[in-house]
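Record features, source TrEMBL:
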DOMAIN    24-469  domain 'Major facilitator superfamily (MFS) profile'
TRANSMEM  102-121  transmembrane segment
TRANSMEM  127-149  transmembrane segment
TRANSMEM  161-182  transmembrane segment
TRANSMEM  188-205  transmembrane segment
TRANSMEM  283-306  transmembrane segment
TRANSMEM  318-340  transmembrane segment
TRANSMEM  347-366  transmembrane segment
TRANSMEM  378-402  transmembrane segment
TRANSMEM  414-435  transmembrane segment
TRANSMEM  441-461  transmembrane segment
Amino acid sequence: MKWPTLSMKSNKNDFSYGIDSTIAQILALTTNYLFSMKVGIDMMTPTIIIGAITDKESNTSYNPLPHISEEQTSWIGSLIYLFPPVGSVVVSFVQDRFGHRVCMMVTNVTHLLSVATLMLSDGPSGLYASSALMGFNVGFVTSFSLSYCGEVCEPKLRGTLTAVLNLFYFAGYLCVTMLYAVTADWRLSVLFTAILSVVNAAILFKTPDSPMWLMSRGRTDEAKSTFNKLRGGVGEDKFAVEYRDMVHYTSQINLPTDGEKKKMSSIKDSLYRFIEPETLKPLQLLMIMIFFTNLLSGIPYIPYLISVFDKFQVSFHPAWATTMYMAFNVAGNVLTICSINKLGKRFLALCTMATCSVCYLSIGIVGNVLPSSPVTSWIKIVLFFMSTFFSSMGIMPIVWILMCEIFPMKSKNVGAGLSSATYFILSFLMTKFYLDLEMFTGFYNTFVLFGSIGLIGLVYLHFQLPETENKTLNEISEHFKCKNTKADVQAGLA
């Protein structure tokens, strides 16, 4: 059986812009990296709050919490996954009209508002509100950050520079958990992180809009000037090939004739466009891949990590075990950045999914079969950290990288928004009902269940996941097309 590959005219795109281009792209992405770090902090905040509720060593004199039931705890841990789809839907319309820079400005304000809400909360309702607002911010930021990275990076660097988003995301995890481990005060830990929004506001003045967005708004001269700056000022003769490819890719969103423009405005036509193979096929691939990735990257366990480490019977404080968990996430993502261009996304995704599945199955078998002892405790914690390391090295960041690559320009924002919404809806369901699942199956049987499902996902990806590394966005979009035209689809639905 042949592995799915991209059937292109050329197998390699190497525009050789040099170090100045790389630096220019990194500088343009700096605000997105800091936003991603804040997203990691927001996603981890419910974990330290839940930890403070159950951790007797937390500094309760500075963060008084009322008695909170297990049901309320599950809502605190899961609401942050419920509201990102709202943010994703809102930003999919806002960024089309106003661009990425305006979205970034709005995000700075809402981030500071979410921190203020958390500081003022003194009961379950306040914690619900702050968790929901942080969830909205997560969805809002995730969608425009992914599309911005996909649009400003050259093909050779797109996978690597987008993977850096995940590095900063996990760095946010590590930052807030380490602050909590040191201070034992969740309010103070979160307050320290507000400095990121202030720093980002200052850097934003030097951040350009995406050249693709500028071109889609008819600002072609500004788009070409911005594109030249992002390629290190090499001149039009050097970037002409990639620029023409970008123009062709962007032109999909602008149809030339008045009759076609009228059709574009109809809801029926929008539906036809969205169910075209180049949009529907990657959306289906991502939604299925997200389901398997969430199970194997520890999403159901994250809000309850301190409790998980208690059940593993770790010999040190669970708060420090949580910090170590995040450190392994960071380490895995660093390796992604170093290896993705050489190994490719497909190879990394398949290898890491297989490894995570085996680790989960092994944890379940050890926990169910072997008697509890310091040795078996260390075996389980090592396997858990291994699954964390490999998921952050492959399947988790690759899902997010694919979101900014595999959709055509005409449905890019909506496709990425729906994909990220799927991620967060599934994450909400998995975290909200995890405690019920654990009660029904038993703690270690959840690992057996997730590991077994992961093996099914491995078979699916083996036959369905193409290699997109070092391909232009236009080439990737062409791969998902088939012979069916829009007229064929309309005729079939008539």
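First residue shown is number 1, and so on along the chain.
Cβ coordinates come from backbone N, Cα and C, glycine included.
Note: TrEMBL annotation is automatic and uncurated.
Long-range contacts of the transmembrane segment (318-340) within the same chain, counting only residues at least 6 positions beyond its ends with a Cβ under 8 Å from a Cβ of the stretch, are 44, 47, 51, 55, 57, 159-160, 163-164, 166-167, 169-171, 173-174, 177-178, 180-181, 184, 305-307, 309-310, 348, 381, 384-385, 388-394, 397-398, 401, 469.
Comparison of 102-121, 127-149, 161-182, 283-306, 414-435 by number of C-beta pairs under 8 angstroms to the transmembrane segment (347-366) places 283-306 first.
Residues 142, 146, 158-159, 162-163, 165-166, 170, 282, 285-286, 289-290, 292-293, 296-298, 308-309, 312, 314, 321, 324-325, 328-333, 335-336, 340, 345, 348-349, 351-353, 355-356, 359-360, 362-363, 366-367, 423, 468 of the same chain, all 6+ positions outside the transmembrane segment (378-402), place their C-beta atoms under 8 angstroms from a C-beta of that stretch. Taken as a whole, the domain 'Major facilitator superfamily (MFS) profile' (24-469) shows an average pLDDT of 82 in this prediction.
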